[in-house]
Amino acid sequence: MTDIPADDPKIELRSDITVELVKSAATDSDVLFAARVSTAGEQSLDELKKDPERSKGLINYLMRDRHGSPFEHNSMTFFVSAPIFVFREFMRHRVGWSYNEESGRYRELQPVFYAPDASRKLVQQGRPGKYVFVEGTPEQHELVGSAMEDSYRQAYATYQQMLAAGVAREVARAVLPVGLYSSMYATCNARSLMHFLGLRTQHELAKVPSFPQREIEMAGEKMEAEWARLMPLTHAAFNANGRVAP
């Protein structure tokens with residue numbers, strides 16, 4: 001490994017993605033009253049007390065025929081900790097999402113970096129648009145781990161050197177790699193989350209195949225678990241109709 005000055009701070013390597021549901025206002029009944037106002041008007045809230053099976057059928061109908069707006073009358077806010085390269089993909093999702101991310105201008109960034117664990121498939125086989133990932137060799141895993149650690153140590157040492165010399169944080173951060181962990185709040189509704197999941201997770205029930213990078217899929221899986229707990233009928237209808245956002 002590259003020699004690093006003895007007084008250089010240690011770095012932390014992680015391979016996980018963390019997602020915490022911070023707050024929510026999201027239930028299946030939000031979908032029902034939003035849909036029923038079309039025909040029941042001011043009586044739509046009374047409709048919520050009717051047969052649960054009828055409610056299940058209505059949600060499935062809305063999902064199947066892609067009547068999407070009733071799925072927007074809810075909110076979920078997640079706190080996500082992930083490498084910057086994950087957030088670059090994450091923030092391509094703009095409609096129905098709001099973000100606030102940790103700032104490298106206003107605080108000193110911590111030396112926490114991503115390194116894949118042994119379960120991460122390393123080798124891509126096939127051509128663009130038609131490929132699979134396969135297991136890496138022990139030698140490849142060792143190379144990835146050592147190369148990443150060396151690079152991270154060097155980059156963070158340089159970052160610290162510039163800060164110590166009085167260089168502004170917004171300038172010094174330019175040397176830090178996309179493997180650096182960041183954190184953000186991400187707020188969405190069920191419809192925007194379903195669109196995210198349709199693109200960023202693989203699932204046997206999906207009508208349309210998706211090929212997400214594993215690290216953003218890990219974030220998606222954790223968000224989906226929270227959403228399924230909050231809105232079980234809506235989640236079941238999403239799966240039953242091929243995991244296509246309405």
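Using the three backbone atoms N, Cα and C, a Cβ is placed for every residue, glycine included.
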Swiss-Prot annotation of motif 'ThyX motif' - which of the ranges 92-103, 116-127, 212-223 it falls on: 92-103
Same-site residue for FAD (record: Swiss-Prot; known: ARG92, HIS93, ARG94, GLU101, ASN189, ALA190, ARG191, HIS195; options: SER55, SER69, SER210): SER69
Of ARG64, ARG173, ARG229, residue recorded by Swiss-Prot at the dUMP site of GLU89, PHE90, MET91, ARG92, GLU101, GLU102, SER103, GLY104, ARG105, ARG200: ARG173
SER103 (dUMP binding site), number of other Cβ atoms within 10 Å: 12
Tally of DSSP helical, extended and coil residues in the motif 'ThyX motif' (92-103): 0 helix, 5 strand, 7 coil
Pairwise Cα distance for ARG105 (dUMP binding site)/HIS93 (FAD binding site) [Å, integer]: 24
Closest of SER69, ALA190, HIS195, ARG200 to GLU89 (dUMP binding site), Cα positions, recorded positions only: ARG200
Integer Å distance between the CA atoms belonging to MET91 (dUMP binding site) and HIS195 (FAD binding site): 13
